[in-house]
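The structure under discussion appears below in the form of structure tokens.
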């Protein structure tokens with residue numbers, strides 16, 4: 001019998017990249033290739049890279065180095081794949097390099113390098129494809145590319161302009177996922193609030209969410225610009241159509257710096273918007289990311305950002321010292337901030353936010369939440385999340401008396417302790433069994 005080619009996959013970077021890896025995996029399995037977890041047994045490894053900021057480039061190059069030490073043939077794709085010369089200079093033994101959004105080219109490269117599997121190896125794959133997440137949640141990518149031109153970003157040049165998916169196709173995929181047991185759909189795009197702008201009838205994100213609500217699953221929205229559409233999403237939270245969780249990458253609070261970043265922003269309006277969101281849905285969890293040390297950022301600009309953090313009291317915050325991105329307009333901006341100061345400001349911001357986080361999490365002690373179980377060990381200790389935590393990027397809830405439940409169950413948990421980022425809880429004694437699912441959890 002003809003040997004079945006074995007392929008390893010390494011996926012780096014954001015959830016959007018993970019979806020790309022899931023789609024590639026689905027096609028490979030459908031064609032009969034064997035996906036191998038042990039990289040040393042692979043005929044070929046595909047590394048789906050991230051190249052957005054310097055640390056991501058370093059991580060991607062390290063992963064490529066590991067791949068070439070394991071397998072005789074390596075293909076590199078993803079965002080860093082746009083810098084083929086950099087990759088091949090570091091690792092000339094890499095067989096092929098492709099940029100992001102080039103799945104067809106990657107498949108041709110695989111076929112050329114290791115051939116095709118025998119016909120009898122071809123497999124059936126679910127219409128919604130292979131999941132690389134736990135089976136109870138899935139990322140639902142609703143658009144590709146971006147129409148914004150932020151000065152620190154090169155996503156439009158890497159992934160092209162905004163290309164929204166047909167809402168019926170999205171619903172079909174979501175419906176198939178829920179039929180397979182997915183309980184939480186995490187909606188992602190470069191800017192989810194921009195969804196539909198490029199389509200003929202211009203369907204909106206809020207309209208899409210109303211359509212998806214019929215599936216009665218948790219709907220969690222990521223990567224929403226502060227906009228009128230964001231306000232509509234918060235109104236849907238008040239109606240329990242989507243989870244009270246909003247991921248809004250604000251990036252800064254100084255209007256001068258935001259203008260240089262080519263980002264929308266008015267500090268007073270943003271604070272008023274956040275206040276209004278909390279009036280509409282008082283328990284809303286707001287997550288955001290910020291950049292410190294953008295070229296030209298003064299002590300006064302940073303002070304404005306710090307004041308915003310203290311006043312806004314966001315639930316979750318990520319912060320990154322500014323880093324040049326090859327090809328970004330900001331690279332040529334005057335008055336660069338020294339790395340030491342960029343990092344120092346990021347540390348100060350995070351220390352400030354950690355105090356806010358501690359206070360917010362402490363206030364949840366004694367309250368009961370619906371918690372989805374992500375992992376469970378043999379000692380009866382489970383790790384889960386409520387509607388206020390997204391996987392991977394936010395804190396966790398550790399449950400110590402979790403015997404008798406399974407991964408993917410949604411259970412009632414009383415919070416008993418907290419720290420800077422995470423919570424601990426106990427299963428409610430009168431609700432040991434998993435509770436039925438509804439969209440209002």
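Backbone N, Cα and C define each Cβ position, glycine as well.
Remember, TrEMBL labels are computer predictions, not curated facts.
The [4Fe-4S] cluster 1 site in TrEMBL is built from 14, 50 plus one of 79, 146, namely 79. When the C-alpha distances from residue 50 ([4Fe-4S] cluster 1 binding site) to the binding-site residues 146, 150, 153 are tabulated, the minimum falls on 153.
Sequence-distant contacts (6 or more apart, same chain, Cβ under 8 Å) of residue 14 ([4Fe-4S] cluster 1 binding site) comprise 50, 52. Summary: among the binding-site residues (50, 79, 150, 153), the fewest other C-beta atoms within 10 A of the C-beta are counted at 150. Spacing of residue 146 ([4Fe-4S] cluster 2 binding site) relative to residue 79 ([4Fe-4S] cluster 1 binding site) is 14 Å (Cα to Cα, whole number).
Residue 146 ([4Fe-4S] cluster 2 binding site) falls outside any helix or strand according to DSSP and counts as coil. The two recorded residues, residue 153 ([4Fe-4S] cluster 2 binding site) and residue 79 ([4Fe-4S] cluster 1 binding site), show a Cα separation of 12 Å.
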